[in-house]
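Notes to accompany the following structure.
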Amino acid sequence: MRKGLSGPELPRDPRSLVAFSVCCASSMGACDSGGGCPPQAVSSAAPRRGAGAGRSPANPSRGLPLQNTPCLCPRPCCRPPMSDYRRGFESLRQELHEPSLPVEGEWPDWLEGTLIRNGPAQFEVGDEDYNHWFDGHAMLHAFRMRDGTVSYRNRFVRSQSRTEALEQGRIARSEFATDPCMSLFGRVMSVFNPNPTDNASINVARLDDQYVALTATPLPVAFDPETLETAGVVEYDDDVDVDMSTPHPQVEPGTGRMLFHTLSFGRQCQYGVYGTEAEGKTRRPVATLDVDRPSYMHSFGMSERYVILSEWPLVVNPTDLLLRGRPFIENFEWQPERGTRFRVLRKADGAEVATCEAEAAFGFHHVNAFERDGAVVCDVVTYPDASVVEELSLDRLRSDAPSRGSGHLRRYRLPLDGGAAASTLRGEERIELPRIHDGPATGRPYQYVYGVGTRAAGQFTDQLVKTDVPAGTAQTWHEEGTYPGEPVFVAAPDGAREDDGVVLSVVLDPDAQQSFLLVLDAPSFTERARAAVPHPIPFGFHGQFFD
């Protein structure tokens with residue numbers, strides 16, 4: 001996975017080799033600045049447009065060669081735009097504000113607020129390419145809905161990681177699966193470092209009066225919700241010192257307290273659960289657990305009284321982080337013989353009330369958890385193993401054999417007196433990026449989960465899924481040639497049922513070279529309206545609706 005840091009693979013065609021040398025040696029800055037390939041990198045046999053021709057209007061976000069003029073440079077930043085889902089893994093450098101997007105259909109008159117989404121948007125710096133979808137530079141996208149008008153704005157998160165990379169013309173800080181070349185001393189410092197990456201590309205949240213972008217390090221980056229301009233890393237008023245923090249905090253219904261799962265490396269590694277005070281600036285410990293071989297846990301579960309940590313058998317020897325010289329995630333090893341362990345922690349006093357074992361599995365996203373009949377019911381999107389992590393590498397995602405894309409919804413019953421966890425699949429549809437009706441359904445028995453899915457194994461996510469969890473049945477939305485992102489449920493005012501509202505999703509339409517905000521009627525799961533954006537938006541991860 002370090003191929004990107006040693007330079008792109010040399011083309012075999014002699015013409016391409018010359019073009020490669022010109023573009024990637026003589027004009028590295030052009031690609032990264034948005035200038036595209038220099039004229040020498042364009043085939044002389046290709047047809048050219050007339051006077052006044054310039055960048056392709058179908059792709060205003062990148063400096064591409066003249067329309068219909070093939071670029072021979074093999075780097076992702078120089079290739080012509082893809083016409084399928086892979087367009088979602090190409091860099092977007094254009095920042096713009098569109099005060100009024102064209103709307104088709106009937107926009108709900110009650111739907112007012114802002115959907116803010118987060119995700120990677122730049123996948124190369126200078127002559128170095130990031131290895132993994134999780135590594136690209138963070139960009140925020142805001143869809144503001146007011147008085148029947150939908151506006152759009154996007155801005156890069158001005159993190160120190162991005163600033164240093166652009167100043168140095170290379171990848172400057174270690175990311176999830178990309179590590180700059182460095183000495184043993186440098187690798188040690190990159191793990192036990194006061195300056196880990198602040199490339200906050202995974203999620204967004206509201207900490208009291210601050211809006212923040214989140215990643216897996218404990219460095220939430222504040223931003224202005226109107227302009228999306230970066231304000232800087234949030235300074236907590238506490239002495240909590242951890243190395244990792246989940247980008248999926250859970251908000252307790254009733255109290256508003258936000259809970260985070262954390263991980264600390266050292267002679268004695270430790271899981272932690274912390275909760276913010278009302279003002280969001282101070283974190284108080286809820287529970288801590290010592291651990292010798294930490295598991296990679298992207299999220300956690302929460303019921304009314306308990307927190308659930310899912311220890312998948314993807315584990316790391318902390319010494320390997322220092323000595324192996326690999327990107328962070330490549331130090332973790334899949335050890336299925338360990339099985340999966342669910343650690344059930346009581347929020348009131350931090351006590352571990354149960355440890356429940358299950359078959360080996362892996363998951364990124366918890367859906368929900370609740371208590372019933374002496375057990376905690378915990379719903380998670382799972383995979384049979386952790387190979388999905390490698391499948392989300394950019395090389396794989398841009399290939400003709402994409403990731404499996406989606407897992408399956410699995411329900412675990414965790415007895416509070418300990419013992420084995422029983423599990424069942426809930427529905428046959430593949431699903432990922434799951435969302436529920438946050439607030440009323442959080443930590444309680446619930447009925448519906450929304451997600452992205454695939455119509456067939458081996459395809460990239462190409463449909464939206466609404467699963468009736470108790471019944472195990474599903475409704476789907478699909479439009480040929482388009483690729484939807486995470487669905488976000490927005491409740492209708494005075495709605496009586498759990499699914500009274502709409503579902504919002506940003507959908508990529510590669511043939512049209514654009515994305516659009518889709519509005520589905522949640523009960524029927526049919527389209528109500530859409531608003532088109534004038535450029536393709538790279539596939540993001542998570543977003544929130546703020547009213």
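Cβ coordinates are placed from backbone N, Cα and C, and glycine is handled just like the others.
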If TrEMBL gives HIS248, HIS298, HIS542 as binding Fe cation, which of HIS365, HIS478, HIS535 does it give for that site as well? HIS365
One finds that other Cβ atoms within 10 Å of the Cβ of HIS542 (Fe cation binding site) number exactly 22
Sorted by position, what residues of the same chain at least six away from HIS365 (Fe cation binding site) have a C-beta under 8 A from it? HIS248, HIS298, SER299, VAL380, VAL381, GLU432, LEU433, PRO434
For HIS298 (Fe cation binding site), just give me the three-state DSSP call. coil
